[in-house]
Amino acid sequence: MAEEYDQQASSNKRKWPSLDNESLSSQENKKNNPASSSSLSIGKVLWEELGKSIAPIEDEATNDDGVIKVDPKPNIGEVSKTIDYVTGLMVKLQYDTNETPYYLSGNFGPIRKETPPTGDLKVIQGQIPKLLSGMMIRNGPNPPFDPIANYACMLHAIRFKDGKAIYVSRYVQTSRFLQEQVFRSAEFFKYGDLLGSFGLFTYYLHLLKDERDVLDMSYGFSNANTGLIHHNGMLMALVDFDKPYVIKVLDNGDLETLGINGYKKKLTHNFTPHPKRDPETGELFIFGSSYTAPYAIYNVVRKDGIMSDPVPITTSGPSYMHDFGITEKYVIFMDLPYNFDPENMATNNDWIYRLDTTKKSRFGILPRYAKTEEGIKWFEFDESFFIFHNANAWEDGDGNIVLISSVMKNDDKHSTFVPPIFYGGPKPSLKGVEFTLPQLFKLTFNMKTGKCNKVQLSTTYSDYPKVNESYIGRKLRYVYTSKFDQLAKIPSIVKLDLGIAGAKPQEIQFDFLGNKYGSEVVFVPSVQTDRPLEEDDGYLITFVHDEDTSISYTYIISAQKMEIEAVIELPSRVPYGFHAIYMTEMELQAQISNLA
């Protein structure tokens with residue numbers, strides 16, 4: 001990679017795109033956002049800089065599918081060395097570098113080497129189902145550099161065919177990752193760094209690197225380490241704050257990063273890590289968030305990959321919306337009390353997002369093919385709670401919209417939900433854990449009366465809810481969640497049978513036993529030709545790690561019986577991570593053909 005920066009790139013600085021210049025005036029921001037004007041000034045600078053990554057990329061080198069080839073040109077020189085020296089001093093002042101933060105220790109910690117496609121894996125229990133043919137891919141952070149890492153993305157995947165399995169792990173070759181490989185150090189900020197005055201200083205150093213052309217921000221700052229989606233023949237790695245990276249699965253099971261999907265310059269905002277694919281129409285539904293009004297933008301992507309014009313969605317302010325929901329006719333947006341608040345970060349030594357117990361939880365329901373937000377109907381609860389992940393949503397036929405979600409109660413004014421995942425000392429504080437771990441709830445919105453209510457389905461602390469994806473947007477019976485302990489590990493998988501309306505949901509728990517912990521599961525329908533499939537007729541697949549032996553496994557579990565079908569020993573440790581996806585053999589072949 002060239003060490004000299006392409007001077008043309010410095011003239012292509014980009015800002016967050018404005019849908020309506022008048023709506024983004026300072027007066028309108030003050031009117032719609034309860035934060036103070038000083039918060040707005042700090043936040044606007046911050047988000048405009050972040051927005052450079054998601055504006056349309058000029059002079060794109062694209063293939064026929066609109067995939068942007070990523071070729072950053074960072075500049076190693078005296079300026080970069082000086083900034084790195086100052087950053088190093090700040091890290092030593094802020095962190096005890098002799099002690100590994102909890103979420104970088106043990107099996108939360110990274111592995112240093114990729115694993116090429118490796119077959120002949122040992123099945124130590126049961127048998128891999130002969131008809132299981134496809135690939136499970138799981139996303140997650142894997143920082144390559146010490147001491148304070150950048151949370152780059154590593155994909156872990158296992159491919160099944162003819163009763164055998166192949167395992168592979170690869171970094172996603174983002175612009176951020178490629179540049180830090182040149183420097184051999186962490187150069188980009190991470191959101192976990194945005195804590196207190198140190199966070200503000202860290203970010204300004206990052207801006208200095210951009211302004212002095214140390215880093216090439218032409219392709220954004222995505223680490224792509226959170227979600228995954230397959231649509232229109234493309235597997236994409238996702239993160240909240242940037243555009244998707246396209247990954248190609250090769251014939252031998254290997255993973256190759258192709259570049260950024262800019263949807264042929266139609267994508268001018270960030271891309272949720274939890275898009276929804278309609279199982280019948282093949283459409284993909286997405287949104288992106290912004291610091292500035294209207295705060296969210298919604299799109300529909302056709303089955304053939306053509307993106308609709310953006311629909312602005314005006315919420316009460318710059319709150320964190322990680323997920324949303326769809327039914328056959330509607331889309332559900334969340335306006336929840338976790339606010340982007342740089343002033344609070346700078347003045348109260350807090351994180352960039354702040355939990356606001358004075359703000360009620362709101363949900364907006366819009367016809368899913370709406371061209372504007374005029375038809376949105378807002379529902380407000382008389383309490384304050386937060387949601388990272390939704391399981392599913394549907395219409396019940398009585399004028400109600402049902403949303404199944406992992407809900408975090410909001411009872412502690414000074415609580416935050418996210419920071420322990422990103423930073424912390426040797427062990428995270430357990431104070432208030434009964435409020436900040438999620439539990440499964442059923443939320444109901446009556447489109448006729450405008451009333452809403454919330455009913456608890458389970459007392460088990462769990463998140464990462466998954467379902468049979470052929471029921472996305474439709475009424476279903478079963479939800480599969482990951483049970484969390486107080487240190488954010490997953491000792492069990494829970495199957496919830498929502499059963500008959502009005503009846504108490506039934507739970508079946510599968511424990512990994514011993515000192516073993518899992519990851520998010522994927523549901524894979526059985527392949528049968530002699531009978532119709534029931535909703536839970538399939539398998540749950542997940543990565544599991546034994547902390548006593550430091551050996552990792554793939555578990556295949558019968559979703560109906562909640563019993564082991566097969567346990568496969570893996571050639572490498574698989575760190576705990578985020579979200580997973582399953583691609584069928586047909587999808588793999590279509591993807592390989594499409595991107596050949």
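Each residue, glycine too, has its Cβ placed from N, Cα and C.
Just so you know, TrEMBL annotations are computer predictions that nobody has curated.
Listed in TrEMBL:
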| type | residues | note |
| --- | --- | --- |
| BINDING | H274, H322, H389, H579 | Fe cation binding site |
| COMPBIAS | 20-39 | compositional bias 'Polar residues' |
| REGION | 1-39 | region 'Disordered' |
Other same-chain residues whose Cβ falls within 8 Å of the Cβ centroid of H274, H322, H389, H579, the recorded Fe cation site, in sequence order: T226, G227, T272, P273, D323, F388, N390, Y464
H389 (Fe cation binding site): tally of other CB atoms within 10 A of its CB: 19
All-chain count of other Cβ atoms within 10 Å of H322 (Fe cation binding site): 20
